[in-house]
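Student: My questions all concern the structure below.
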Amino acid sequence: MSFPWAQHYTPKAPLMQWIDQRLPLPRLVYNAVGAGYPVPRNLNYFWNFGVLSGLALMIQIVTGIIMAMHYGANELVAFSSIEHTMRDVNGGWLMRYAHANGASFFFIVVYLHIFRGLYFSSYKAPREMVWLLGLVIFLLMMATAFMGYVLPWGQMSYWGAKVITGLFGAIPLVGEPIQTWLLGGFAPGNAALNRFFSLHYLLPFVIAGVIILHIWALHIPGSSNPTGVEVKGPQDTVPFHPYYTAKDGFGAGVFLILFAILLYFAPNFLGHPDNYIEANPLSTPAHIVPEWYFWPFYAILRAFTFDFFFIPAKLLGVLAMFASILLLFFLPWLDTSPVRSGNYRPVFKKFFWILVADVLVLGYCGGAPAAEPFVMISQVAAAYYFAHFLIILPLIAMFEKPLPLPGSITEAVLAKHGEHGAAVVPAE
Amino acid sequence: MATLEETGTSDAGASGEEGVRRRDFINIAAVSFAGVGGVVAVLPLINQMNPSADVLAMATTEVDLSGIQPGQAIKTTFRSQPLFVRQLTPKEIAEADKVDPSTLRDPQSLEERTVDGKKQWLITMGVCTHLGCVPLGAGEGENRGEFGGYFCPCHGSSYDTAARIRKGPAPKNLEVPAYKFTSDTAILVG
């Protein structure tokens, strides 16, 4: 599970020896996130976002458990119980704003984590399983966030639930029975609210479980690094603790400062005013939008305004939206270039940034009203999104001439820090 | 494994000519039995998510039509979703009949969407067939779109005076629920 030169856990205190012989839990922690886990010495700050995602999940679980203490999962009281939390519960406003904005910060760090993986090709062998499990976590996060947004039972909650469960109604033949089954009624109501609450409480713990698998799978080959060159010897690594606990700790400080700024000074900046109106099944808000983190996918959903042969536009949009995420499961086998890091792939690097811009454009269109020119722009951007993964990446892998790779991580690090050539120790 | 195989072979010899070993049979039978039992046990776990009896009990709606004048519409609920009940004016009927149904996205004539002899009563769900928003047009002074029926503000679907889709992303006409006239001025929906 680790490199042969990893430090061994040797507890000195008699109590710790006693525990270690009976339940080697401290040993597990030491080997996973302590001095017993050697990590490439050249990780940059983009490698902070895994730990930051874990921190965001912890914030969500703690604030969420507190929210559940004051929440009533019933369509008659759900909306007022949130207002009660905001106005009457001691510090309730803080818990609720922390939970709502915490979700946004969770997605911010996870998106950065995913794009880090895309740029440095962290999905490539032997880390495919890490990538696949990460996508499972992402899907679970989206389901959790969607159901959580329904719970305040405001207008956006209600109509969001209606539109998203309506997606299943687009499936031929079985669609409507599935939609009715999911909602426990013909429209969102008490049954839907209750089951969403139940699942919203459950799924974060499922996410925590899959995160353990994600880290387990990561620790088999060890972390990737900005050069993409594998670790060749002890000189290429440093122990996780104290080196990366310190670096991650600094990142966590920056993360918490930014979180606090949003939380205390603009807690409704990312929210939607319509959700402060109680759900009304007889009146649709003029402009239904999901939360910002779903906008790119919402834009792909709405990009299909035309029927294609016998497939109706509505079903096409739904298929494309799901495909845009499922496609990523095949990424390790679509990008066949043997070079991992984008730093050594001049052509790939350019297209990576085009993809980033493309997703930002999709995001902007997803939040905009469904009118021209946004429909046309999202059609082009959605087409490009699929082309990037299905056509451009495989072609780059075939024709690109990568830059020469450094001989080892140590060589790359020392080359960067001047003429200390004498210190270079060849890998064994 | 080898020893198991040998035991199995001697078993087969004892059980007869078919070549099905007694141990295999018991194994498959036991696992199948447990598998079927497992599926049966899961069914109620899935079925509990279907609409409950109280939700289904509200699955019919009675509507009194006596107060609705020609050109007026009311918005009520059927299965906790909006229901539009409209009495068409002769002009609106004429406009709907003027269109050749075969040119429409979801070809239906006004006759097919109303009850025989009660062509002026247009009863539809108030649920846009695109993504389920409530179209405008049932209330006084609301935007009825460029075809004079209903207009969905979410993604701009326009329905004509027979509530048929004419423009925009919606794939189908507004759904006509199953209903019957219980008297000249009352209907039972569902």
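Every residue, even glycine, has its Cβ placed from backbone N, Cα and C.
Just so you know, TrEMBL annotations are computer predictions that nobody has curated.
Annotations per TrEMBL:
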{"type": "DOMAIN", "residues": "A:15-227", "note": "domain 'Cytochrome b/b6 N-terminal region profile'"}
{"type": "TRANSMEM", "residues": "A:45-73", "note": "transmembrane segment"}
{"type": "TRANSMEM", "residues": "A:93-118", "note": "transmembrane segment"}
{"type": "BINDING", "residues": "A:HIS99, A:HIS200", "note": "heme b b562 binding site"}
{"type": "BINDING", "residues": "A:HIS113, A:HIS214", "note": "heme b b566 binding site"}
{"type": "TRANSMEM", "residues": "A:130-151", "note": "transmembrane segment"}
{"type": "TRANSMEM", "residues": "A:157-175", "note": "transmembrane segment"}
{"type": "TRANSMEM", "residues": "A:196-217", "note": "transmembrane segment"}
{"type": "BINDING", "residues": "A:HIS219", "note": "ubiquinone binding site"}
{"type": "DOMAIN", "residues": "A:230-407", "note": "domain 'Cytochrome b/b6 C-terminal region profile'"}
{"type": "TRANSMEM", "residues": "A:249-266", "note": "transmembrane segment"}
{"type": "TRANSMEM", "residues": "A:308-331", "note": "transmembrane segment"}
{"type": "TRANSMEM", "residues": "A:351-370", "note": "transmembrane segment"}
{"type": "TRANSMEM", "residues": "A:382-399", "note": "transmembrane segment"}
Student: With a cut-off of 8 Å between Cβ atoms, can you find at least three pairs linking the transmembrane segment (A:45-73) to the transmembrane segment (A:382-399)? Only pairs 6 or more residues apart in sequence count.
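Tutor: As far as Cβ distances go (cut-off 8 Å, pairs 6 or more apart), the transmembrane segment (A:45-73) and the transmembrane segment (A:382-399) do not touch.
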Student: Counting other Cβ atoms within 10 Å of each Cβ, which of the binding-site residues A:HIS99, A:HIS214 scores lowest?
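Tutor: Ranked by other Cβ atoms within 10 Å, the binding-site residues A:HIS99, A:HIS214 bottom out at A:HIS99.
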Student: At 10 angstroms around each C-beta, which of the binding-site residues A:HIS113, A:HIS200, A:HIS219 has the fewest other C-beta atoms nearby?
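Tutor: Each of the binding-site residues A:HIS113, A:HIS200, A:HIS219 was scored by Cβ atoms within 10 Å; lowest is A:HIS219.
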Student: For the transmembrane segment (A:157-175), could you work out the same-chain residues 6 or more beyond its ends whose Cβ comes under 8 Å from its Cβ atoms?
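Tutor: Hits for the transmembrane segment (A:157-175): 146, 149-151, 182-183, 187-188, 192, 196, 275, 279-281, 284-285, 288, 290, 301, 312, 314-315, 317-318, 321.
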Student: I need the nearest neighbour of A:HIS219 (ubiquinone binding site) among the binding-site residues A:HIS99, A:HIS113, A:HIS200, using C-alpha distances.
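Tutor: If we rank A:HIS99, A:HIS113, A:HIS200 by Cα distance to A:HIS219 (ubiquinone binding site), first place goes to A:HIS113.
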Student: DSSP three-state call for A:HIS99 (heme b b562 binding site): helix, strand or coil?
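Tutor: It is helical.
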Student: I'm trying to understand the geometry here, so how far is the Cα atom of A:HIS200 (heme b b562 binding site) from the Cα atom of A:HIS113 (heme b b566 binding site), in Å to the nearest whole number?
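Tutor: So the Cα of A:HIS113 (heme b b566 binding site) lies 23 Å away from that of A:HIS200 (heme b b562 binding site).
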Student: So if I exclude everything within five residues of the ends of the transmembrane segment (A:130-151), which remaining residues of that chain have a CB under 8 angstroms from its CBs? That is, six or more out.
Tutor: 64, 71, 73, 78, 82, 103, 106-107, 110, 113-114, 117, 122-123, 157-158, 160-161, 164, 188, 192-193, 196-197, 199-200, 203-204, 206-207, 210-211, 213-214, 217-218, 290-291, 293-294, 325, 328-329, 331-332
Student: Quick test of the contact rule: Cβ under 8 Å, at least six residues beyond the ends. What residues does that give for the transmembrane segment (A:93-118)?
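Tutor: Sequence-distant neighbours of the transmembrane segment (A:93-118): 46-47, 49-50, 52-53, 56-57, 59-60, 63-64, 66-67, 82, 85-87, 131, 134, 138, 141, 145, 148, 255, 258-259, 262-263, 267, 270-271, 291-293, 352, 355-356.
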Student: Work out how many Å separate A:HIS113 (heme b b566 binding site) and A:HIS99 (heme b b562 binding site) at their Cα atoms, rounded off.
Tutor: 21
Student: About how far apart, in whole Å, are the alpha carbons (Cα) of A:HIS99 (heme b b562 binding site) and A:HIS214 (heme b b566 binding site)?
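Tutor: Cα to Cα, A:HIS99 (heme b b562 binding site) and A:HIS214 (heme b b566 binding site) are separated by 24 Å.
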